[in-house]
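K.L.:
Before I ask anything, let me first share the structure, which is written out below as structure tokens.
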């Protein structure tokens, strides 16, 4: 009765190891053959294994708990040892037969930072509701990346009233004076260079139920307007100036966006 287990590990390096684990009837010990030269190792392995162990012994299996044993005896001839150069030639030939994997084409990286949205429609909005007027103003600012930026506004209103939206420097005084709302001081003209680029106003009229008395019908005017300013540098900061006048309500408001939100250079207001 004998049992033999072999584990052969072949590493393609200057040193090749062959580990043999065998439990034999005569000694029951394991042999470990190791050599620094691959050529001498191969010769030593094949000659020793041909003397001590044959294929018939290697394939002989004994199953515990069974009476019958199966033995296979095959004719085995000692192979000719391969040199180290033969192994490297075989490795080179097998590598050449493998087709290289096609590389996936990568899309070129496209920089999308040319147009930088400084403020979106939701960042600035003004909603005014009175008995006779319902007003909503939204705006956004877009930096074009070439030293200029645009300011866009859209305004929807239902009812009667006078609405004015303009861009002013931070030094603009908030006051109920229509004549001075678009005046820019001479000292601010160098740092404030904006002009109207696009403007469109659509108006319509309809009769609806009055807000203050649903039993009555009121004449209402609906207005939708779009306006855009184109500003160029150098500039410090711009503010949005809104003035609203109606028969029962007046409002003047100046809003200066926080430019530290989008600019690497902090803005320190003066005045």
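Backbone N, Cα and C atoms are what each Cβ position is placed from, and that goes for glycine too.
Quick paste of what Swiss-Prot says about this protein:
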CARBOHYD  23  N-linked glycosylation site
CARBOHYD  68  N-linked glycosylation site
CARBOHYD  93  N-linked glycosylation site
CARBOHYD  146  N-linked glycosylation site
CARBOHYD  156  N-linked glycosylation site
CARBOHYD  162  N-linked glycosylation site
REGION    22-97  region 'II'
REGION    98-176  region 'III'
REGION    177-185  region 'IV (linker domain)'
REGION    186-271  region 'V (Cys-rich)'
SIGNAL    1-21  signal peptide
K.L.:
Rounded to the nearest angstrom, how far is the Cα of residue 162 (N-linked glycosylation site) from the Cα of residue 156 (N-linked glycosylation site)?
P.N.:
12
K.L.:
Other than its own, how many Cβ atoms are within 10 Å of the Cβ belonging to residue 146 (N-linked glycosylation site)?
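P.N.:
The answer is 10.
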K.L.:
Around the C-beta of residue 162 (N-linked glycosylation site), how many further C-beta atoms are within 10 angstroms, looking at every protein chain?
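P.N.:
A 10 Å sphere around the Cβ of residue 162 (N-linked glycosylation site) contains 11 other Cβ atoms.
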K.L.:
Rounded to a whole number, how many Å is the Cα of residue 162 (N-linked glycosylation site) away from the Cα of residue 146 (N-linked glycosylation site)?
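P.N.:
It is 36 Å, counting Cα to Cα.
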K.L.:
Reduced to three states, what secondary structure does DSSP give residue 162 (N-linked glycosylation site)?
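P.N.:
Its secondary structure by DSSP: strand.
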